[in-house]
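**Q** According to TrEMBL, the record shows the following:
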- 9-113: domain 'Xaa-Pro dipeptidase N-terminal' (DOMAIN)
- 166-423: domain 'Peptidase M24' (DOMAIN)
- 243, 254, 417: Mn(2+) 2 binding site (BINDING)
- 254, 336, 380, 417: Mn(2+) 1 binding site (BINDING)
Ligand code: GLY
Ligand code: MN
Ligand code: MN
C-alpha cells in the first residue's frame, strides 16, 4: 500500500473522530458503539452466506468482512476496536495488516461474542437486534436515535480524499476485469466463463465482489439485475452486458459496459454509441449545485432524441417524453451515490435528514439530492428492449417501430455506467 494512501487514511480517521465528537455533544451521549454485525446460518444448516460488515463500521475500520466486532468511540480518546479473533482450528482468525491505521485504535482481541461493557449513555449503532437475546440483555447502552443514523449517513455521502483514492483504485481494478470480459465475449465464451475471466483479471473471489456481477448475453442483457450464469455459450451472439465491480479496502466500484456481438443488427452498435454519448454528455453537466433529478430528466430527453434519431419512435422527442415512452426503455434511475455500499446511504434525504423521496413518475430513482463536492455518483443511462414494459405501449397504439424492436429484442439492452466524483469546480470521472 502506498504511504500517501495510508497517510490519507490517518487523516480520514482523525476527521471521523472530530465529526463523531460533534455528534456526541449534539445528542448528549457519552460514546457511540458501532457493531460490525454477523452472518446467520442458512435455516436448519451450519453453513453461512458471505458476510459484509456494517457500513458505518467499515467507514472507520478497513475490514469489510469482520464479524462480531465492535468499535467504541468516545471524546478525547482513541477509539477501542474489539476485534473478534478467537483461537480456531477450523478458520483463520482475522489478521491485522502492518499498517498505521491500527495505531489509531486501542485494539482488544476478543474470543467470544459477548458485547463490550459500555457506559449506559452510549448510543448503540448497528444490527443490535440480530444479537441473541441474552447478549442484548447484557448491553448497557441506548438505542441510537434515528437522527443520529441520519447524521452518520450524511457524513458517508461526502467522501474524504482517502475514500476517493480507494474508489479510484476500485475502478482501476474493475476495469481490468471488464477488459478480460470483453475479450472473453469476442472469444465466444459463455456467461460463466466471462464471469471467471472477470474475476481472474480483477483478482477477486466471488464472495468479495461488492455486488453479484451481472453478466448477461443476448436477451439476458435486458434483465436489469440478471442473476445467473449460463454454462454453455449461446449459438448466436447478439450482445453482452457486464455490470461488475471491485471492492478495495471496503469501497466499491460499480461499472457497466455493453458490447454488440457478430449477430446483432448494426443499429444495436449505433445505439451503444448513442447511450455512451448520453453518459458522457450527462457527466459533462455534473457540478456542485446541480439537482440530480435534473440530470435524470436530461437523460430521458437525450434518450427520446436517440429513439427518434434511430427510427424506433415515429414522432418527436417531446411526444416520446410526454407519452412516457422513454421510461419503458429505461425503467431505472440515472444513478446513485457510491461508497462502502454500492447503493450508498443518504441518497433520498436532505442534509438535515428530511426525506426527499423520488417523484412518483420515477420511483426507481435512488438519488434525489443536489450535487456537492465530495459526492461520488454513478451515471448509468440505459436503453432496454423489455417485452413486459414495451407491450403496454403497443396496446396504446403508440407509433413505435415494432419491426425494429422485434429485431432488437434478442440483444436485451444497453447500460453504460461510470463512477464520478463531484469536485469544487465540476467533476472527475474515476472510471476514465
Ligand atoms: N450494479 C447495480 C447498479 O448499477 O446499480
Ligand atoms: Mn452497476
Ligand atoms: Mn449502479
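Using N, Cα and C of the backbone, Cβ positions are placed for all residues, glycine too.
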**Q** Quick check: in three-state DSSP terms, what is residue 336 (Mn(2+) 1 binding site)?
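**A** Assignment for residue 336 (Mn(2+) 1 binding site) reads coil.
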**Q** Quick check for the class: what is the C-alpha distance, in angstrom and rounded, between residue 243 (Mn(2+) 2 binding site) and residue 380 (Mn(2+) 1 binding site)?
**A** 10
**Q** Pop the mean pLDDT for the domain 'Peptidase M24' (166-423) in here, whole number is fine.
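**A** Mean pLDDT, the domain 'Peptidase M24' (166-423): 98.
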**Q** If you measure residue 336 (Mn(2+) 1 binding site) to residue 254 (Mn(2+) 2 binding site) at Cα, how many Å is it?
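**A** Roughly 10 Å, rounded to the nearest whole number.
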**Q** List the Cα distance (Å, whole number) between residue 417 (Mn(2+) 2 binding site) and residue 380 (Mn(2+) 1 binding site).
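**A** Distance (Cα to Cα, whole Å): 4 Å.
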**Q** Between the Cα atoms of residue 254 (Mn(2+) 2 binding site) and residue 380 (Mn(2+) 1 binding site), find the distance and write it as a whole number of Å.
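**A** If we compare the Cα positions of residue 254 (Mn(2+) 2 binding site) and residue 380 (Mn(2+) 1 binding site), the gap is 10 Å.
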**Q** Which residues, same chain and not among 243, 254, 417, have a CB within 8 angstroms of the centroid of the CB atoms at the recorded Mn(2+) 2 site?
**A** 214, 244, 245, 255, 256, 378, 380, 415
**Q** In the domain 'Xaa-Pro dipeptidase N-terminal' (9-113), how many residues does DSSP assign to helix, to strand and to coil?
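**A** Helix (H, G, I), strand (E, B), coil: 30 helix, 19 strand, 56 coil.
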**Q** Which binding-site residues of 243, 254, 336, 417 contact ligand 2 in the sense of C-beta under 6 Å?
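**A** Checking each Cβ against ligand 2, the ones under 6 Å are 243, 254, 417.
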**Q** Could you tell me which of these binding-site residues, 243, 254, 380, 417, has the greatest number of Cβ atoms within 10 Å of its own Cβ?
**A** 254
**Q** Neighbours of the Mn(2+) 1 site 254, 336, 380, 417: Cβ within 8 Å of the Cβ centroid, same chain, sequence order.
**A** 243, 255, 256, 335, 338, 342, 378, 379, 418, 419
